[in-house]
Amino acid sequence: MKTKNSYNPDARNIALLPRPAYKEVLVIISKSEQINHNLLHQYFPNATFSFLSNRTEKEDNSKGMNYTLHKKDFFFKTLKNERLKNLTKKTFDLLIDLNEDNDKLIYFVENINAGLKIGCFNKPNNHLYDILTKPSLEIVDVVNSMVKQLDILTLNNKK
Amino acid sequence: MINLKGLGVAMVTPFNADMSIDFESLKKLTHYLIDNGVHYLVVQGTTGESPVLSEQEKLAVLDTVIKENAGRLPIVYGIGGNNTQQVAKQLAEFDVPGVDAILSVSPYYSKPTQEGIFQHFKTLAANSKLPIILYNVPGRTSSNMLPETTLRLAKTCENIIGIKEACGDLNQVMHLIKDKPMDFYIISGDDDLALPFINIGGDGVISVIGNGLPKAFSNMINAALNNDIITARKFHYQCFPLIYHLFSEGNPAGIKEVLKYYNITETTVRLPLMNVSATTKGKIVEILNNL
């Protein structure tokens, strides 16, 4: 049985900021081709984006701000891929999890230090997220909904 | 950390015939509960008619109970509402020595989403100096806080330490108990379900009937927590017939009839509550005569 606060996000400094203030944003998504870059840049105009998605080939050829995960990057529950290990050491202002099906990607939601973590309902480990939104078939709808919630909470927090 | 295992009593607020607070009866009630095996006191829950008391009156009631209690039992105080910012402000400013935890009802009337409920309590937790006990009572709030939301709060907010669960659905309670963090309290908010609630792993009850029958009800709770099912069942069925009548014409009108029977308080309630009908009163008295 889990002890209360085995995971404690209160230990983090949760940063609810106006959207233009987010500078470093990590987007986790099942497949990289699902990303709508224009939409993200429109909502977070001053952000530099990093992306983490799945890959099918065993070798990791990802570069720059793009990171990819293969199931063999884990040996049991230990991460072996050096590039991904370095990713977990980075700090982000915002983590957006749009991934729908790969449970291995949850490792990064838990282990990456981000000021704010946003995800969708109907996932295990709901407690890892600061804000949850309704899942939808369209990624665009999910992003729109997340941004709407983020704005409401930021305004309330300011008040 | 406050121990919430056992019987907590949601105390009524006694009134004089002129509707002012009857502090002498309140003192009598406090001693009656402490002397008869109650484990902690809950002041200004809805059973204390908190919606019809001014802030000043609520604090006067709390002050009286704290003084009479003299540190013997833990005290839980009710602060809740459906205006997140206002409740958060109240919590941030609340600083009364002698109070061990806050009981806060899930936002009512507005029918928020589960995410809305989560963010509401997260805001309260961030503003409260004291531990918070959530209160889910869909029958009164018109929105059910689902186990996923409760568990998310339990796992993310250090000072949210338990829930008073009055959803009336033991299946929902089992989902909570199955996945809850070890030191998160699951407390029944329904007197009639307190025994089955403990049998499936709950920690006790925040009770209304405990105002009138603290001895019998604490005996039942103690026996249930000690896995003495025969004794627990005996006391459960002793109290059970009374419970229906306590709530049939609005709480705390029913329990105030019981307290009148035992000469502890008068039956006066403030509008919109009314005293129970002669028929209900007759049934309550008949049950008490046969206890």
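From the backbone N, Cα and C atoms, a Cβ is placed for every residue, glycine too.
Keep in mind that TrEMBL annotations are predicted by a computer and have not been checked by a curator.
As written in TrEMBL, here are the features:
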ACT_SITE  B:Y135  active site, proton donor/acceptor
ACT_SITE  B:K164  active site, schiff-base intermediate with substrate
BINDING   B:T47, B:I206  pyruvate binding site
SITE      B:T46  site 'Part of a proton relay during catalysis'
SITE      B:Y109  site 'Part of a proton relay during catalysis'
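What TrEMBL annotates, mapped onto the structure for a quick look.
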residue: B:T46; record: site 'Part of a proton relay during catalysis'; Cβ contacts under 8 Å, 6 or more apart: B:A10, B:G78, B:V105, B:R140, B:N251
residue: B:T47; record: pyruvate binding site; Cβ contacts under 8 Å, 6 or more apart: B:A10, B:M11, B:V12, B:V208, B:N211, B:N251, B:P252, B:I255
residue: B:Y109; record: site 'Part of a proton relay during catalysis'; Cβ contacts under 8 Å, 6 or more apart: B:N82, B:T141, B:S142
residue: B:Y135; record: active site, proton donor/acceptor; Cβ contacts under 8 Å, 6 or more apart: B:G45, B:G80, B:L103, B:S104, B:V105, B:S106, B:I163, B:K164, B:A166, B:G189
residue: B:I206; record: pyruvate binding site; Cβ contacts under 8 Å, 6 or more apart: B:G8, B:V9, B:A10, B:V42, B:G45, B:V76, B:L103, B:K164, B:I187, B:S188, B:G189
B:K164 (active site, schiff-base intermediate with substrate) has how many other Cβ neighbours within 10 Å of its own Cβ?
27
Reduced DSSP assignment, B:Y109 (site 'Part of a proton relay during catalysis'):
coil
